[in-house]
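Asker: Can you keep this structure in mind? I'll have questions shortly.
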Amino acid sequence: MKCKEASAVLIIRVGDAFCRSCFKEYFVHKFRAMLGKNRVVFPGEKVLLAYSGGPSSNAMVQQVQEGLSRDAPKKLRFIPGILFIDEGAVCNQSWEDRERTMSEIENILKATSFPFHILSLEQLFTLPQTMLQMNLAEIPKRDGSYKQAVGSFLGQQKAQAEDGVSDAADRLTQIHIADNSSVECSQSAAFSRPAAEHTAALRDMFNSAKTLTAKQELLHLLRNHLILHVARTHGYSKVMSGESCTRLAVRLLSNISLGRGAFLPLDTGFSDNRYGDVVIVRPMRDYSLKEISFYNRLFNVPSVFIPALDTKASGNSSIQHLSESFITKLQADFPSTVSTVYRTSEKLHVSRTDTTQPKNQQDKCLLCMCTLDTHTGPASAFFATQKSQQLSEKKSLKNVPSAKDSEKQCCNGGQCCKESASCTNSVTGTQDIVHLLCYSCRVTIKDLNSMDKLPSYILKEAEHRTRRMEMRKEIEEFLLDDHSEDI
Amino acid sequence: MPINCSSCETQRAVLRRPKTGHSVCKECFFRAFEEEIHHTIVSAQLFQPGEKVGIGASGGKDSTVLAHVLKVLNERYNYGLELILVSVDEGISGYRDDSLETVKRNQQQYELPLKIVSYQELYGWTMDQIVKQVGLKNNCTFCGVFRRQALDRGAMMLGVNKICTGHNADDIAETVLMNFLRGDIARLRRCTAITTGSEGAIPRCKPLKYAYEKEIVLYAYFKKLDYFSTECIYSPNAYRGHARAFLKDLEALRPSAIMDIIHSGENLSVKEDVKMPVQGTCTRCGYISSQGLCKACVLLEGLNRGLPKLGIGKHHKLHHKLLAQEPLSEAETRKLKSIDF
Ligand SMILES: [Zn+2]
Ligand SMILES: [Zn+2]
Ligand SMILES: [Zn+2]
Ligand SMILES: [Zn+2]
Ligand SMILES: [Zn+2]
């Protein structure tokens, strides 16, 4: 028992009993400590809270509110906004059901008084091709320390106070108002229904995935694209994502199984800078799901149940789902499982190869946007797999070294690549996308029946990158060093 | 309706490759399976011409197939290796008889020399004698540690340059998962390496690293290779059991998962400031060890002093006493003597 006064309401670990107010203090402190320790969220910075409606993201929103409130002794100083993405179409929900969920979400978000965005996953079909390009030039330069940033923020605030703008709270309101005029983000009770053709296209795309594993992975990748897009277009330079350590332990195991070993630190670490200009942070990663549900129950934090892709699926229907039931079962037998896995991940970091490799080996995966992990030597699982493929395939295909999947439609017409490898108008061929992907995204894409179902911003960018690579190959001998442009 | 082989397109396919899903004929499967192992050997530069290579032979499917394939490839591609089968006899009555018989038959079929090293010869104790002293509950610690070293010690006696073991892709993937779940970062980093061991110890390599267990069985089945199933007769460690079950479920969902996990393991990058145990060598036997005394020597010391618990818990503090051949205090002795069954 922490204090000797009140009576205990819960026990987190053996010997750790809390009364209500001590638990609140513990919980609130943990959030600030996480942000304070990592010092990546700067004062005055616009931060987008990626909100799913679940317990963990509700607790996160609540912590941000708590931290921004005036009486908080160690006040947080960033400027939040909230994003909810409705994925109902993927789960075959009716528009009425989706609308109901969204208005439930809207009521919760309205109560926060933060600006918020509610949009449907169908928006993917309106994203621009530039979406997947790295805008390194636009990455705000943060020279100087966190301390300096805090100092200059406070100075600015003081100046504003003198100008009659009292404090950040007022600026928040301003942003709130400004955001109301935003076109694509729904703020009114009637949610604009996505175009029927987009809903159909989205369903088509997910139906073309042969496995639930690939569907879940695809959803995760595409949802991230949409979050990134909203962050960029609204000037948010940070995104807060609310995964608990329980969730992250599951993701770690699942991602190892999906071949994402090289990216574990990005996929699960506190901060994830793969996009360059927008950084993802995960401030809830020190909380267990158990702590979060206790907190939410004790302090009436709302939560919305939203059916997911795997809601009705059985325990071993996908790799992600299997990982979840496995961790849950193991945690029951060995209560330290989650924390052990989580601590293991803390000891990993992103491969250092990035800067020492030639430029073309620093290319980013078209889908997950991590630095490609396919430049392994011949003594690797990646090459061994290709070797196995080659050795089991038709002899007639063996002479064309990289024509693995070209039996599927590679050009619009579908025929010309069969004979020659010099087809130039191959737009949506598996091959053209595959070589732009990391190991794991290749495995995911292999489970899709058809590439053409992917949103056009992906297909167009694939085409663009392929063209740039061909150009680079053509002029290679004239380039003086490895300093080619980003593709 | 018979399907044609996806590789030669002329023969009838007789099996579907667990690794790739292709339907292939027997000959094409043999060729692909062998060529893949050849590719592994060449790309990882496992051997140098003229080397004497010991093959850890247990009579089980992995080592039987390994011995067979190495023999074939050594001739087909002129590796120039001197191959020798090395078997360990733990001295468990009844348990090894059949498997050692299998190894002896393999020796004749493959015309490879065979050396059987016994625990009695290596440690002065048979496994049966050890079980009598420590009880069934703890003997797996002994059998794991002793077995790992037995091969090295045997190989050293034979003047071998390298040892090959039959670890397959499933074993490696399982080990990645297990080390990850246990948080063993040092092992996690090492476990996907195709060759392990440096100064002091004889390098070990795993030519079957990318071969699926199911394909190894298929190969043995169609080649009519003779093998004996030698699972450890004692219960495996709990985490490994869980990891194995999980891997089987994964493979059922997505056959490439085994390779995908190995790829993950090969590309994990450990932070530099994470403390790694320094690899030294055992002052008594010269085997690689992070402590002054290796685990086997500590276990042996315990057996010889009649204190079987010595090697089971963590008793690093006592190592200097053991090294100096000093007697232990009464309290220390009391703690180590009792063994719960
Ligand atoms: Zn209290
Ligand atoms: Zn990727
Ligand atoms: Zn064939
Ligand atoms: Zn055992
Ligand atoms: Zn030793």
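Glycine too: its Cβ is placed from the backbone N, Cα and C atoms.
TrEMBL entries are annotated by machine, without manual review.
Model, not experiment: these values are computed from the prediction.
Per TrEMBL, ATP binding site is recorded for B:G56, B:A57, B:S58, B:D62, B:V88, B:G166, B:D171. What TrEMBL records for B:53-231 is domain 'tRNA(Ile)-lysidine/2-thiocytidine synthase N-terminal'. According to TrEMBL, the feature domain 'Cytoplasmic tRNA 2-thiolation protein 1 C-terminal' maps to B:280-310.
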Asker: Within the domain 'Cytoplasmic tRNA 2-thiolation protein 1 C-terminal' (B:280-310), how many residues are helix, strand or coil going by DSSP?
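Answerer: Tallying H, G and I as helix, E and B as strand, the rest coil: 14 helix, 4 strand, 13 coil.
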Asker: Listed ATP-binding residues B:G56, B:A57, B:S58, B:D62, B:V88, B:G166, B:D171 - what's their greatest C-alpha to C-alpha distance in Å?
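Answerer: Per the listed residues, the maximum Cα distance equals 20 Å.
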Asker: Check the binding-site residues B:A57, B:V88 for other C-beta atoms within 10 angstroms of each C-beta and report the one with the most.
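Answerer: Comparing the binding-site residues B:A57, B:V88, the most crowded Cβ belongs to B:A57.
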Asker: Over the span of the domain 'Cytoplasmic tRNA 2-thiolation protein 1 C-terminal' (B:280-310), how high is the average pLDDT in this prediction?
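Answerer: Computed over the domain 'Cytoplasmic tRNA 2-thiolation protein 1 C-terminal' (B:280-310), the mean pLDDT is 79 on the 0 to 100 scale.
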Asker: Counting Cβ atoms within 10 Å of each candidate's own Cβ, which of the binding-site residues B:D62, B:D171 comes out highest?
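Answerer: Selected residue: B:D62.
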Asker: What does DSSP call B:G56 (ATP binding site) in the simple three-state scheme?
Answerer: strand
Asker: Using all protein chains in view, find how many other C-beta atoms are within 10 Å of the C-beta of B:G166 (ATP binding site).
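Answerer: Looking across every protein chain shown, the total is 22.
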Asker: Would you identify the secondary structure of B:V88 (ATP binding site) according to DSSP, in three states?
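Answerer: Its secondary structure by DSSP: strand.
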Asker: Taking the Cβ of B:S58 (ATP binding site) as the centre, count every other Cβ atom within 10 Å, in any protein chain shown.
Answerer: 23
Asker: Tell me whether B:D62 (ATP binding site) sits in a helix, a strand or coil according to DSSP.
Answerer: helix
Asker: What residues, ordered by sequence, lie under 8 A Cβ-to-Cβ from B:G56 (ATP binding site) and sit at least six positions away in the same chain?
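Answerer: Listed in sequence order: B:S63, B:V86, B:S87, B:V88, B:L151, B:I163, B:C164, B:T165, B:G166.
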